[in-house]
Amino acid sequence: MSDTIYTNIGSSALVAVNPHKYVASNADSLLQKYTAHYQDTSENKTSLPPRIFQLANNTYYHMKRTTQDQSLIISGETGSGKSETRRLAIKTLLELSVSNPGKKGSKLVTQVPAAEFVIESFGNARTLFNPNASRFGKYTELQFTDKGRLCGIKSLDYYLERNRVAAVPSGERNFHIFYYLMAGASPDERQHLHLADKTQYRYLGHRAGTGTRANGLRDYDANRFEQLKMALKSVGLSKRHVAQTCQLVAAILHLGNIEFTIDRGRDVDAAVVRNVDVLGIVAEFLGVQPSALEATLAYKTKLVKRELCTVFLDTDGASDNHDDLAKTLYSLLFAWLNEHINQRLCRDDFDTFIGLFDLPGSQNMTSRPNSLDQFCINFANERLQNFIQKQIFESHVDEYKTEGISRFVPSVPYFDNAECVRLLQNKPGGLIHIMDDQARRSHKKTDLTMVEAFGKRWGNHSSFKVGPVDQSGSPTFTVNHFNGPMSYSSEGLLERNLDSLNPDFVSLLRGSLAGALDGAEGVGSANPFVKGLFSTKAIATQAHRKNEDIIVSAQQPIKPMRTPSTRRKGTIKRMAMLREDAAVEEQERDDDDARIQGRSEYLV
């Protein structure tokens, strides 16, 4: 019984317990058994125990029989095994739907896992509770022909934890790719990328592991780097693109090592770079002049009452600025990789799809205060929990009433988190609405006024409480989520919610029209790959009203470059989804990740 980790809840939900070890119930031989069971059309075949293979089989079966799109929603705490369950579900669907070797579409049997591995390498990290924790929300569509053959894949990413690039929580690691590169680069690659020992890089922390375990982890990372290069090739990246990707990852590591000081011999008090050799490496990799990069890091252009002003940054301000550039470069690279995979593997001419949706588990930091990242992830999990509960416990009530069998079906009591969802997303007046409203008026509002507005509106609500001032001097607040109370610091919350990008970065690396025409400094990066990351598709900008070549504001879109597929012409009308009220219905129309159409299967 120790390997019995699955339990069905009704016909469309499965509970999976993470055994934290290899179990025979997830073996390939068992996958083959469940696949054969699916393909067996005899009437008297025996039923098999609950497995993720069975749920995936049922999902595929309903898609083929009803021509309705299907969804697999994977929910759980961090470390509960969501990523592994997702991998097994995709493996099952590939087994059922991929063409025989040599036929059209057969390459997808290797390309789909390769695409998943690429995104995992850049979007996952080792945390205190999980050696392979997803640090972003992931929605994947497996696209099928009318005969049920896999013909394409679309991948969407939501809310990458970009702050991890420059601030790794104590005892955790940065994104996998940094360690894969450090451990797996050849001597020639290390020389070209100017790579030293990993303990020398601020973004990787300073925990110099020793002994057998550290050596084993280094060997593991090196092996994964070789696998990553093969995976990048499988999804269509050229050798040049692979090299440029690795070079940009190295540039981000070096960027974090740039140090600043104040030159008292200068007329201005702006910070200057202390280690110009590191500055030169980063500038070379980014395709800009060292002096231009230094100026971008040491100064900041701001629009004050419609007039452009240059702000001289001290050493702390310049350090924050280079951290922001590192986070921007990484998030743009992540978005580019995802879109490149979509361009190679996504199809427009498919008949049905199976969507898989997976969020990082709820987060409650121990090494530092919870902030906007944790608030957003926990809000998404709160909504997902509410959706799943409604579907499992309430979606069939009306059908029972219509059939006249309500009295024969017992009502199942459960904890309804609808009030917490209302607290968070009510419009107007929910915490998120208040936060957005005050962020738009940030020249008049502060983190303190935001928390005061929270308390004024929700002070008597059972799921909310204003807390004490934290060590930074910022007020805190607590939300009673479905899985317990979590406290958040308001420090920098309004500014981070604006999610604005320093326009000087765009001017430096994308350049301006005038610079491109006359060859001036505004020509942008000499590296086409880096310059392409800052394209108009990737970054929205606003120009100065008097000079279109001057960028006064910039932002990387929060939503993915693509959207989830919805009902298409010629397909069966989707079954109506249960709605809480008109306000929630309007909100769900706005949220791409809430567009789960047709029949849904759940993994809890």
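Each residue, glycine too, has its Cβ placed from N, Cα and C.
For Gly76, Glu77, Thr78, Gly79, Ser80, Gly81, Lys82, Ser83, the entry in TrEMBL reads ATP binding site. In the three-state DSSP scheme, Ser80 (ATP binding site) falls into the coil class.
Per TrEMBL, domain 'Myosin motor' is recorded for 1-604.
Per TrEMBL, region 'Disordered' is recorded for 580-604.
Cβ proximity to the ATP site centre (mean Cβ of Gly76, Glu77, Thr78, Gly79, Ser80, Gly81, Lys82, Ser83, cutoff 8 Å) flags the following additional same-chain residues: Asn18, Asn130, Gly361. Summary: among the binding-site residues (Gly76, Gly79, Gly81), the fewest other C-beta atoms within 10 A of the C-beta are counted at Gly79. There are 20 other CB atoms within 10 A of the CB of Ser83 (ATP binding site), with all protein chains counted.
Less than 8 angstroms from the CB of Thr78 (ATP binding site) sit Thr127, Phe129, Asn130, Ala133, Pro360, Gly361, Ser362, Gln363, each of them six or more residues away in the same chain. Predicted-model confidence for the domain 'Myosin motor' (1-604) is 89, expressed as mean pLDDT. There are 19 other Cβ atoms within 10 Å of the Cβ belonging to Ser80 (ATP binding site).
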